[in-house]
């Protein structure tokens, strides 16, 4: 049987030979059909690339004797479209090398430039630019756009110099379309030149080039970077004018939501979210992330729940991450457990970064034990996992455990990075442990580790460790150029914390001389220094500065002002500062309550305490110490006892030593000394604290309960374990002196000498004509001391003549005079 030719015989009519019998034979009917079109080599190569087989296309290409430029381009484009940019670059090099007669055209160069951009290979990209200049006398607009994209991509992250290559290429373009303008605007945003990005967008509009949806996506981040709310609204209005095609573009919607979220206008971001006709997962994630970013965790969780129920969104890992962060902000353990269970149920494999976020979430909720359990059970841990766990331990006061975990990191040869070091320095600051701090500092130096805020962390660590000398040396070693505002603030706070008030103000003035404008942290650091100096005028000047620079509404500045005025004796100014502070937290209320208590205004302190709860602010342990102290000073015993008894049930706060001390002091001040004694004894081991028994001893002396005072004194001597018991020795000595038990006075004096105890020197000050005058006992340093002592003698004679007689003379005068 032979194969048929291209002429195909067909029997079509009913009078065909089969119908007319075997003897009737008709001539065959032949029809010439058009020959099927043979696929061109280009289409075959292109089809292979489209099917994801660019390497097979390359093998077929290699069989061709003289491939044309179009065929070379097909393979280059095929490699790029299949995510093989390095192979595309290599193939271009082969083209230049093995086919010198084959000319590269615009498609060759633009495709290869795309490969350079994807690999961020600036060196080859610049070489290609040279090839283009030599080989193409009139590059196309597509070519220029490819060059712009290559430079903008390859130079991203390396900054820019005065010779801006992207700008240079843009300026040499004979004609520019919207793609070129978009690339330029995007480049300015990438290099954080937001104002230039907006100006170029405006120039594009003035040249009547219609912006695309990408144009708005590119320029939105510039306005959020400039914090320019007004122009952001104007630009979004311009977007609306361009019609629904722009408004409903998913990328535009996501970018607009992100812009307004960055600007803090979450309500506008939500309106855009609500009106968009279609939403994808990215838009849901952007809106949830916007709520989280602006500290609206309840709204974020609510939207997350809507996303779960919505058919539009498929929640992904980013959605879960935002929801976990929102729960961290809420610090609600029960909700944390629910979101954790939901994540485990819906993710077959929980990524490491999600597990890291869950560790941080439980830590923020106060359940660091669960955090460590998750950390311990992780199959794979990265450096972030270790750092998250270390930071969690530090944040929950487990500083020693954090140090042990860092030691374990070193044993496993994991990299100690800036995050680890930050946690280590915080742990050293909390422990007041100079050795840990010094070792960490040495590690930084040995490993050339530098990070933003490093100097301020080191200064804070040395200040809290009491190493003022190291503090000063470190500050002097930092060049003036490298001293940012955070460094100056840490130095001021360090001096203030260590009682070096004059030095703190010297640093503050140095900062002002260098034209650095103080911020809220600066004022919150320097205001406490006004109290020991007794200089309320200086505090008022700082207050005025804060008002002029709109810093007085900052919660930390407001709290520092309240504290400064209260301790300076100007309660009216403190009340005014409290009323003018719009942002109040538990610390703000606590500071004002303390001020009322220190001035004996217990009723006002209680009223503010109840007002605080009505405002929805939950009191903490320190607040309760403040209100109990205020009740103690004002003699409001029953009110104070009622608050103390409701601590655990109503406020979920376990009483601390300070709370017990407040109750003992409260009872002792009003003469209920025996009741206070029974209360302390009932505490058992918890009450074996010198401060608690010391307050009772003071009450025994005031109310002349000398027999009970002796029992308390014996208990105090049993608890004597530290060298800071001098005050109690003095108090006990005064009691013995009042009872004229001189033998016990002598024993106590001898005991103090043997232990090397010295009474802390008391200091008084007064401000006259803007000058602070300091005084200590037997002071001979004041320039007018003779006149002062003459006046004191005259006053003593007048008092004696008026019939005043002192109750007793301190039995320790002989000791303290020589010491002072």
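Placement of Cβ uses the backbone N, Cα and C atoms for every residue, glycine included.
Bear in mind that the values here come from a model prediction, so they are computed numbers and not experimental data.
Per TrEMBL, compositional bias 'Low complexity' is recorded for 1-19.
Here TrEMBL flags 1-36 as region 'Disordered'.
Taken from TrEMBL, the feature repeat 'PPR' applies to 177-211 (among others). Here the repeat 'PPR' (177-211) has Cβ contacts under 8 Å with residues 141, 144-145, 148-149, 152, 156, 159-160, 166-167, 170, 218-219, 221-223, 225-226, 228, 231, 242 of the same chain, all six or more residues outside its ends.
According to TrEMBL, the feature repeat 'PPR' maps to 382-416 (among others). Counting only same-chain residues 6+ beyond the ends of the repeat 'PPR' (382-416), those with a CB under 8 A from a CB of the stretch are 352-353, 355-356, 359-360, 362-364, 366, 368, 371-372, 375, 422-424, 426-427, 430-431, 436, 443, 447.
Confidence in the repeat 'PPR' (484-518), given as mean pLDDT, stands at 88. Among the features that TrEMBL reports, repeat 'PPR' is placed at 484-518 (among others).
Within the chain, the repeat 'PPR' (585-619) has long-range Cβ neighbours (under 8 A, six or more residues past its boundaries) at 555, 558-559, 562-563, 565-567, 571, 574-575, 578, 626-627, 629-636, 639, 643, 651, 653. Marked as repeat 'PPR' by TrEMBL: 585-619 (among others).
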